[in-house]
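Asker: Sharing a structure below in structure tokens format, with a few things to ask.
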Amino acid sequence: MAARALLLASLVLSCFLLPACYGTVLFSSLQRTLEVTASPTSGQVLKGGVDKITVTWGLNQTVAAGTDSTYKTIKVKLCYAPISQVDRGWRKTVDNLKKDRTCQHKIVARPYNAANSTAQSHEWTVERDVPTATYFVRAYAYDADEKVVAYGQTTDARKTTNLFRVQAISGRHVTMDTCSICFSVFSVVSLFGFFYNEKRKAKRPQ
Amino acid sequence: MGDIEGSPGSSMHGVTGKEQTFAFSVASPTVPTDTTANFALPVDSEHKAKVFKIFSFANPHMRTFHLSWISFFTCFVSTFAAAPLVPIIRDNLNLTKSDIGNAGVASVSGSIFSRLVMGAVCDLLGPRYGCAFLIMLSAPTVFCMSFVNSAGGYLAVRFMIGFSLATFVSCQYWMSTMFNSKIIGLVNGTAAGWGNMGGGATQLVMPLVYELIKRAGSTSFSAWRIAFFFPGWLHVITGIMVLTLGQDLPDGNLGALKKKGDVAKDKFSKVLWYAVTNYRTWIFVLLYGYSMGVELSTDNVIAEYFYDRFDLKLHTAGVIAATFGMANLVARPFGGYSSDVAARYFGMRGRLWVLWILQTLGGVFCIWLGRANSLPLAVTAMILFSLGAQAACGATFGIIPFISRRSLGIISGLTGAGGNFGSGLTQLVFFSSSSLSTAAGLSWMGVMICGCTLPVALVYFPQWGGMFFPASKDIVKSTEESYYASEWSEEEKQKGMHQQSLKFAENSRSERGNRIAAAPTPPSTTPNRV
């Protein structure tokens with residue numbers, strides 16, 4: 001038992017040793033220096049797998065020059081609004097970014113060039129594994145060490161304005177439903193078929 | 001002989017507790033072999049096997065064993081199939097934590113009722129058809145999972161799939177028709193343990209099936225639905241195997257199990273009365289709710305817990321969760337074995353202490369599991385917790401045969417139901433609300449295990465003692481005969497209905513431990529009729 005536990009523990013530990021080991025970055029310590037806009041209007045409902053979101057991001061022109069000198073990559077993510085986090089601990093907002101679960105869906109990641117100050121944009125089709133919920137868009141700026149240094153989002157600080165909804169695919173198909181029904185019928189019919197067949201054989205004179 | 005097929009408790013009749021957990025056979029002088037019979041295994045006069053050859057598939061005895069435990073295993077797989085896929089299902093169906101928790105409660109509640117009905121079904125149709133009917137009629141409920149669109153549907157389908165856990169009853173019943181009562185304890189215990197492993201196997205297999213389907217090109221929200229076809233097919237295939245390969249009795253399939261008419265069948269109301277008015281029954285119902293019950297609850301929450309807390313991939317979380325359930329392979333027999341070893345030296349008092357120690361240790365490791373912040377520690381704590389809880393399950397059934405002889409079947413049934421009830425209760429209290437994180441829920445469940453195991457100290461057998469008190473010094477009360485005969489009224493004793501109980505009482509003297517030589521013969525015992 002102990003050997004098995006040790007083996008399992010070392011196996012799991014080796015999976016756990018990820019190359020990147022982030023220092024603790026708190027969301028509250030980040031500066032909101034990026035300007036992010038997304039195409040969905042407030043309250044709009046987008047269909048999973050079908051509708052598209054165009055995201056535009058760039059440095060906020062009002063911040064001091066040189067603030068973005070450390071930014072190397074921008075990652076834009078789809079994030080859950082507070083209403084979709086209620087009673088769902090797996091989407092909880094936590095200040096420690098390593099444990100934060102607010103933004104679980106990546107839209108795009110692009111390298112950032114401080115010299116080129118024009119806003120970048122990207123058109124993204126809402127993927128089919130995005131669940132039905134209310135969202136906003138947030139962009140994180142990473143430095144060369146893959147540490148988060150700044151952010152920007154389409155909503156306000158309390159995450160109440162400019163939220164949009166996604167209506168996910170159901171995951172059901174007609175083929176699947178048909179197969180389901182067929183197999184169920186087969187199960188019931190073969191059971192009763194067997195039963196009556198055996199009863200008939202038992203009744204037949206020997 | 002007077003042992004009526006199908007009467008309450010008949011599947012456990014003959015279990016004296018003297019048999020070692022690893023007693024694989026009954027020696028010939030103890031039970032005479034029927035030499036005229038032509039079976040692969042030596043059989044007794046009823047053609048029930050006297051030997052338990054685990055790796056044989058010989059028809060009909062060992063084949064029955066394998067069909068039985070595989071059908072029970074299949075039902076565990078389908079009942080807990082949703083658990084490792086919850087991280088995907090909760091996104092597809094927009095579930096909240098309380099939806100998930102309630103569905104978990106529903107999955108174990110259905111079988112409380114279906115197990116009670118199953119006994120009657122087996123009486124009517126025989127165990128083979130009882131098993132096949134249940135398995136094949138619950139296959140559509142498993143296939144129905146692909147239709148589910150909302151939290152309500154999810155709960156309803158999990159509730160209906162949960163009914164299939166009544167195969168436990170058909171499994172034990174079927175084997176009591178095939179195996180001699182002196183080895184039935186081991187056979188049933190092994191089948192139950194291996195069946196329970198299904199709860200572990202499913203955590204491993206379902207994420208793998210899901211990944212395969214995704215690799216084949218499906219979206220995640222379709223893949224989990226298609227993955228449910230796997231347990232569904234298992235139901236159908238196992239059902240067909242039971243129908244084509246199985247038989248009700250060693251001598252073939254009978255349209256009806258004949259009820260032997262020599263002795264009047266015991267009245268159900270009396271049997272129920274003696275079960276319900278024995279306080280020990282309720283203590284063990286509570287205890288089993290916190291050994292088997294927490295095992296079932298953990299089967300439902302552990303994969304999601306590891307996935308969320310430690311950011312694991314779905315199938316990694318599944319592998320870890322699987323080790324919890326798979327530990328049943330050795331842990332449950334180990335519990336029975338330690339109970340037997342303790343009984344050899346300390347008698348029933350040893351059994352009670354072993355149960356308390358194993359179950360409390362399980363509780364302590366459960367507390368640790370909730371508090372462990374690193375993955376290796378959490379896995380270690382989980383494995384130790386599983387060993388403690390499952391060994392406690394085995395140790396519980398080392399004691400149950402001695403609580404009552406007359407009402408043994410009902411007490412076993414009530415205890416089993418207590419397990420499911422405890423599971424539903426712990427899931428409702430600790431894992432259904434967002435105000436309590438799953439980690440905290442696990443720790444509090446551990447505290448509750450330790451607390452709810454304390455009542456075992458109140459169990460007292462006048463002839464053997466309890467955890468803290470030795471056997472009674474009273475010359476009448478301190479005999480096994482007086483304890484077991486007290487379940488029969490004077491009238492019934494006049495009719496000689498208590499003979500089996502007296503025989504059992506004599507055999508159970510081993511529960512005195514090393515003091516066997518000191519048993520005084522009470523003056524008022526009715527002499528055994530020859």
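Along the chain as shown, residues are numbered 1 onward.
Each residue, glycine too, has its Cβ placed from N, Cα and C.
What you see is a predicted model, and the numbers here were worked out from it, not measured in a lab.
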Asker: Tell me which of B:272-291, B:312-331 corresponds to the transmembrane segment entry in TrEMBL.
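Answerer: The listed stretch tagged transmembrane segment in TrEMBL is B:312-331.
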Asker: Ranking B:67-88, B:154-174, B:377-403 by the number of C-beta pairs under 8 Å to the transmembrane segment (B:226-250), which range is first?
Answerer: B:67-88
Asker: At an 8 Å Cβ cut-off, counting only pairs 6 or more apart in sequence, do the transmembrane segment (B:442-461) and the transmembrane segment (B:154-174) clear the bar of 3 or more pairs?
Answerer: no
Asker: Which bits of the chain, at least 6 residues beyond where the transmembrane segment (B:312-331) starts or stops, bring a Cβ under 8 A of a Cβ in it?
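Answerer: Answer is 80, 83-85, 87-88, 193-194, 196-204, 206-208, 210-211, 295, 298-299, 302-304, 306, 375, 379, 382-383, 385-387, 390-391, 394.
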Asker: Taking residues 6+ outside the transmembrane segment (B:67-88), which of them lie with a CB under 8 Å of any CB in it?
Answerer: 100, 103-104, 107-108, 111, 131, 134-135, 138, 142, 145, 154, 158, 161-162, 164-165, 167-168, 170-171, 174-175, 190-192, 194-199, 201-203, 205-207, 210, 220-221, 223-224, 227-228, 230-232, 234-235, 238-239, 241-242, 245-246, 299-304, 307-308, 314, 317-318, 321, 325
Asker: Cβ under 8 Å, sequence separation of at least 6 from the ends of the transmembrane segment (B:186-206): give me the contacting residues as numbers and ranges.
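Answerer: Apart from its flanks, the transmembrane segment (B:186-206) reaches 11-12, 19, 21-24, 52, 54, 65, 68-69, 72-81, 83-85, 167-168, 171-172, 175-176, 179, 227, 230-231, 295-296, 299, 302-303, 318-319, 321-329, 331-333, 336, 390, 394, 397.
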Asker: Report, as numbers and ranges, every residue of the chain located at least six residues beyond the transmembrane segment (B:352-371) whose Cβ falls under 8 Å of a Cβ in that stretch; write 'none' if there are none.
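Answerer: Residues packing against the transmembrane segment (B:352-371) from afar: 287, 290-291, 294, 335, 338-339, 342, 346, 377-378, 381-382, 384-389, 391-392, 395-396, 398-399, 439-450, 453, 456-457, 459, 466-467.
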